[in-house]
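Under the heading active site, proton acceptor, TrEMBL lists Glu1218. TrEMBL lists Cys19, Cys24, Cys27, Cys49 with the feature [2Fe-2S] cluster 1 binding site. The annotation [2Fe-2S] cluster 2 binding site is assigned in TrEMBL to Cys89, Cys92, Cys124, Cys126. What TrEMBL lists as FAD binding site is 220-227, 310-314, Asp323, Arg385. Annotation comment: TrEMBL describes Gln724, Phe755, Arg869, Ala1036 as Mo-molybdopterin binding site. The substrate binding site annotation in TrEMBL covers Phe871. Positions annotated as domain '2Fe-2S ferredoxin-type' by TrEMBL: 1-67. The domain 'FAD-binding PCMH-type' annotation in TrEMBL covers 192-377.
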Amino acid sequence: MLLSYLRDRLRLTGTKYGCGGGGCGACTVMVSRYQPGTKTILHYSANACLLPVCQLQGAAVTTVEGIGSTKTRVHPVQERIARAHGSQCGFCTPGMVMSMYTLLRNTPQPTMEDIREALGGNLCRCTGYRPIVDGFRTFCSSFYCPACVFQGLPPQLFDQGDLLPLDPTQELIFPPELILMAQTEPQMSQRFIGENIVWISPVSLDELIQLKADHPQAPLVIGNTNIGPDIKFKGALHPIIISPTRVQELFAVTRTAQGVYIGAGCSLSVVKALLEGLVQELPEEKTEIYRALLQQLGNVGGQQIRNVASIGGNIVSAYPNSDLNPVLAAGSCKLSVVSKGGRKEILLNKDFLVGFGKTSLKPDEIVLSVFIPVSRKWEFMGALRQAPRKENALATVTSGIRVMFTEGSSVVKELSICYGGVGPCTVSASRTCAAIIGRPWNEQTLSEAYTVLLDEISLSPSHPGGKVDFRRSLTLSLLFKFNLQILHKLWEMVRTGSLLVQIPLWTVLYVIGYHKRLVNGQSVDDQVGRPVMHHSAISQATGEAVYCDDIPKTDGELHLVLVTSTRPHAKIRGIDVTEALQVPGVVDVITSKDIPGKKFRTFTGVDEELLAENEVSCVGQMVCAVIADTREQAKRGAAVVKIHYEDLPEPVFTVEEAMEKKSYFQPQRTIERGNVTQAFEEVDQVYEGEIRLGGQEHFYMETQSMVVVPSGEDRELRVYLSCQHPTYAQESIAETLGIPSNRVSCHVKRVGGAFGGKVTKTSAIACITSVAAWRSGRAVRCVLERGEDMLITGARHPVLGRYKVGFMNDGKIIAADLHYYANSGNTADESVLVVEKVLLHLDNAYNVPNLRGHSVACKTNLPSNTAFRGFGVPQSMLVTENMINDVAMKLGRNAEEIREINMYKEVSLTHYKFQFDPKNLLRCWDECKEKSDYDSRRQAAGEFNQKNRWKKRGLAVIPIKYGIAFSEGFLNQAASLVHIYKDGSVLVSHGGTEMGQGIHTKMQQVASRELHIPTSFIHITETSTSAVPNTCPSAASFGTDANGMAVKNACETLYRRLEPVRKQNPTGTWESWVKKAFLQKISLSATGYYRGHDLYMDWEKQEGQPYAYFTYGACCSEVEVDCLSGDYRTVRTDIVTDIGRSINPSVDIGQIEGSFIQGLGLYTMEELQFSPSGVLLTRGPSQYKIPAICDIPLQFNVYLLSDSDNPHAIYSSKGIGEPVLFLGSSVFFAIKDAVAAARAEAGMDGPFTLDSPATPERTCLACNTDFTQKIPPSRPGSFKPWALNIP
């Protein structure tokens, strides 16, 4: 593929590997081709991971390095994303840059809709997308922000006045030699012969037909968006591949009076552009089918996929949930097919789409073109779908519905209803159509049709993909939605409550509110408190920033691939590596027996095997590792390792099963304030409820990566890795190899996202890689593929929360008893620490006088879960807030009223007897309600809900009180090392790792202030255990607090040393002082140290001071829910946070926004699914959906609380990396509020169950519409579900 060619052969590492399947956009490049017919240059973005190099003959490929660099000039696109603070960890940045660059090459002055479409195929896990859009919107002809009109213009986070101008005349020209080649050289067929595949590229239709006749089983590949992933992820074998990209007939477009013939090779982007032109040109009545197709085309993949995927390939792939096939089938479209036997036309219908991935095409037949007819008068077409994410997601259910009425009446003359996602292929509801044809289109007809449809489209409760009740209800509700459209078209009127009120998919309204709180008399050169750009943002935008896998390969370097268990619970009876060792290139297979030192790691008092030796306890547990000369050879070797198992009975997967078998990690934790049991007897009402919270994949953009290099002497190893805790990796490797820690040096340049997932698991994989390097004496590189990473490394703990709450009729909560059951997986990891933090935050912002909590870490046979941003707090507080919500529903009041009644109001003690002042918590709450205009919007939402039957709006305001620092006091220390060189430049080393949170940038600001020099003098090269030993993890939102104080300490020492020199020459320069100091033999190097807070928690006494201080915040979110499909849109979000005096507002606001969007994903869309045998089913961006650019709130306002100080941290700042994630639950509770409105209209009041994430499935079923009520429930225990209900 092009990606490996760029990275391995050409050493152009700016193009990143993110998923390998075209789902994340990290590998985006621009492809340019000369069109001899029109003598124009076509530019399009594409995923390098899917582009075969042999398909690029005659094309020019532009990578992020090609458009600009710090060595030549930085391109305006690169500059603006950096200046707008749109690059945090930076791993996704080159892909974002190339998507935008390609757009600008085609459209120098784009609209916001153009930008949204261009970036729709790019994922970012750090920023929340707002700053990326903020930077790129400056290319629009108008990027005025309407929100600023009523909010007052806030301080700008970046200066838009001196941006580099975009000059299209200065862009790279298309290589003239390629133009000359296209114009003069005759087209000749090409044949590329690889190790396992022969790639043939014909130039004529006759040659193509002959090739297909000679090799009928050979697939045709144009975009490689189907065959490519099948080969990579499913192990499909195709000895011969035919690529007809140069056969002109496949790209021809012919218009007739009856419709248009579109060449089967035309890309979906070309088809989209063509249909848009036809819609503009033809009368509206003739474009019904075209408009329906356009609606679906915008949902097929991201822009990069649409640019290369062909319409013919999309059709013949025959996916069950295809978006196009139901529309094409319902629209009576035809396919022109050719073969040696001649040419014919086939109607695209149920006789053509015959099964999963199967059509009626004969092996030697080729689809030449697709005929799409014009529509007729009184003919209407609809295309409706529901998907896990609004864009770039395969549909759950999709539909194409066409109706033809008898002229001048509502009597149905023709009807075609086709669905995707409810069978092995596109399904035609022919019996339902027959029940409607000949009858008037009215409520009675449709009511009877729903019954027929429900009987006609029936799914087994174990249907692949699950969501059976939801899918069946969607078949009904999508038909009803089509009915609403038809009523409007027939009678040209809007009946209150009938038509769905449409929210625009994309508007950009946002306010960034912060106050430039500078110290009195602060120098203009003092950078603390200013929105300084991320220190490596420019290099990240140019692709020059070096990540672990970008490190150049050393001579003789080997690649390591892990072999994992395929059984959830079994004894290992033997490991046969004979066949693996015979694979060419394979050097060795590493098993537990090869580990010279400790074979296990002990993190929280429980031993965890590095490689399973006698028994496996989950699918995905590491058993052995294969090392080979290339990664492909290592993969082949790993595939033939044979592990012989003896299954053990009754594996445990869910927390209920663990509770039944008392399968727990110890210790269990309990905490209590007051007398809960007695209080329950004295309250007006008691209510018991529960909520389930699913897990969350870290989905850092850079997968687990490391390179271990033996030095060749003194048993030394240099380890380069993407890790949050290099000291722990160092210790682990040393113990695994049985050598002292001083022989192992760990180096972390930067981390492409981590979120807690690169501590324990990274160290374990590093140990295995080090054993391989130790045994072979050669450098070994291990970079996990996305699917491997998700399978092996664990996720956020799923939790079952149960509660009993006692309250008075006025809303005051007197007693609460909460139980938390965390699904920890097969090893302890950090689970006990997580469930401890769960209990420490169960009060959130509420002063409940009698409060009891109990938490346990359940041991199951799923992959071990681990730390994740928030470390149990997002799970803990969701249960508490859901309890508050239930109390409100029992009393018939708004939840915000109950929250206010029960908040801490004055200096108080927490349930672990820690005193604090909630003043700023209350200020955040009040300001959030005020700035969000909550009261009037609450009233407006009520009015909206009264007028709209099928759309409901909901609001929620959620507070947070989040403890900062480690409750284990020894983890709060930090050290630093600062060198001043003779030229005046300064090198700072500290223990924190840069993973996008901007810690290096803040350390530069700290050093700049303390040394009184510009940040340009200061450099931070990496985090290394050789420079700063015994570091603590970069976690708990405490990195800046601890390391900042250590850097400050070192700089203060150096500045004091320079004082005599400064006094001798007060008018001198920094450089002159430094030179003079050296001549006077004054040390220009100093260590810094920060002891940290002496924090603790005594679980026996149930008291302590586990946190240094609290970060406060409040968030108001408003959503609009489609009750018929469960889809929602976040209309507006307002966040107010108290982060003290921000050291860097741009960095902190970026953390707030990114954390919120990650929380939105946790609570509303990200869903990990396991099979009944414990296999993770969601292993990549095609199955696991994180928020994309289409998911950010339509209006997103962030405010930093003014006049806030914090004496417990450096420069009065506060930690902010984790707290705001929980505020994403405001969207969850806003959805629940909207669902409650829908249920109330149906006569259902009181508390109800809505588990997290509030996916469209759960939301739709909770609305309990007429259509969901029609679905007969499956009897539990009568079937084997497709996926487990985790936790």
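Just so it is clear, glycine is given a Cβ too, placed from its N, Cα and C backbone atoms.
Proximity to Glu1218 (active site, proton acceptor), defined by a C-alpha to C-alpha distance within 10 angstroms, is shown by none of the binding-site residues Cys27, Cys89, Ser310, Gly312. Same-chain residues at least 6 positions away in sequence with a Cβ under 8 Å from that of Phe755 (Mo-molybdopterin binding site) are, in sequence order, Arg125, His698, Tyr700, Phe868, Arg869, Gln1158. Listed in chain order, the residues near the Mo-molybdopterin site other than Gln724, Phe755, Arg869, Ala1036 are Ala754, Gly756, Gly757, Val759, Ala867, Phe868, Phe871, Ser1034, Ala1035, Gly1217, Glu1218, each with its Cβ within 8 Å of the site Cβ centroid.
Between the CA atoms of Cys126 ([2Fe-2S] cluster 2 binding site) and Cys24 ([2Fe-2S] cluster 1 binding site) there is a gap of 13 Å.
Comparing CA positions across the binding-site residues Cys19, Cys24, Cys92, Gly312, the one lying closest to Gln724 (Mo-molybdopterin binding site) turns out to be Cys92. For Ala1036 (Mo-molybdopterin binding site), the same-chain residues lying six or more positions away in sequence with a CB closer than 8 A to its CB are Phe871, Ile964, Ala965, Phe966, Leu971, Gly1215, Glu1218.
Of all the binding-site residues in the list Cys92, Leu220, Arg385, the shortest Cα-Cα distance to Cys49 ([2Fe-2S] cluster 1 binding site) is found for Cys92. Less than 8 angstroms from the CB of Cys27 ([2Fe-2S] cluster 1 binding site) sit Leu3, Thr15, Lys16, Tyr17, Gly18, Asn47, Ala48, Cys49, Gly95, each of them six or more residues away in the same chain. In space, Cys24 is the closest of the binding-site residues Cys24, Cys89, Cys92 to Asn224 (FAD binding site), judged by Cα positions. Residues Cys19, Cys24, Cys27, Cys49 make up the record's [2Fe-2S] cluster 1 site, and a Cβ search at 8 Å around their centroid adds Leu3, Lys16, Tyr17, Gly18, Gly20, Gly21, Gly22, Gly23, Gly25, Ala26, Asn47, Ala48, Gly95, Arg786 from the same chain. Measuring Cα to Cα from Cys92 ([2Fe-2S] cluster 2 binding site), the binding-site residues that fall within 10 Å are Cys24, out of Cys24, Ile222, Arg385.
When the C-alpha distances from Cys24 ([2Fe-2S] cluster 1 binding site) to the binding-site residues Cys89, Cys124, Leu220, Ser310, Asn314 are tabulated, the minimum falls on Cys124. Each of Ser87, Gln88, Gly90, Phe91, Thr93, Arg125, Thr127, Met701, Gly752, Gly753, Gly996, Gly1154 belongs to the same chain as Cys89, Cys92, Cys124, Cys126, is absent from that list, and has a C-beta within 8 angstroms of the C-beta centroid marking the [2Fe-2S] cluster 2 site.
Annotation for Arg385 (FAD binding site): spatial neighbours Gln296, Asn299, Asp323, Ala395, Val397, Thr398, Ser399, Leu478, criterion Cβ-Cβ under 8 Å with sequence separation of six or more. Each of the binding-site residues Cys24, Cys92, Cys124, Leu220 was scored by how many other Cβ atoms lie within 10 Å of its Cβ, and the smallest score goes to Leu220. For Leu220 (FAD binding site), the spatially nearest entry among the binding-site residues Cys19, Cys89, Cys124 is Cys19, judged by CA separation. DSSP places the residues of the domain '2Fe-2S ferredoxin-type' (1-67) in helix, strand and coil in these numbers: 15 helix, 19 strand, 33 coil.
Taking Cα separation as the measure, Asn314 (FAD binding site) is nearest to Cys19 of the binding-site residues Cys19, Cys89, Cys124. If you compare Cα positions, Asn226 (FAD binding site) sits closest to Cys19 out of the binding-site residues Cys19, Cys89, Cys124. The Cβ of Cys89 ([2Fe-2S] cluster 2 binding site) has Arg125, Cys126, Tyr700, Met701, Glu702, Arg750, Val751, Gly752, Gly753, Met995, Gly996 as same-chain neighbours under 8 Å, each 6 or more residues away in sequence. Ranked by how many other Cβ atoms sit within 10 Å of their Cβ, the binding-site residues Asn224, Asn226, Ser310 place Asn226 at the bottom.
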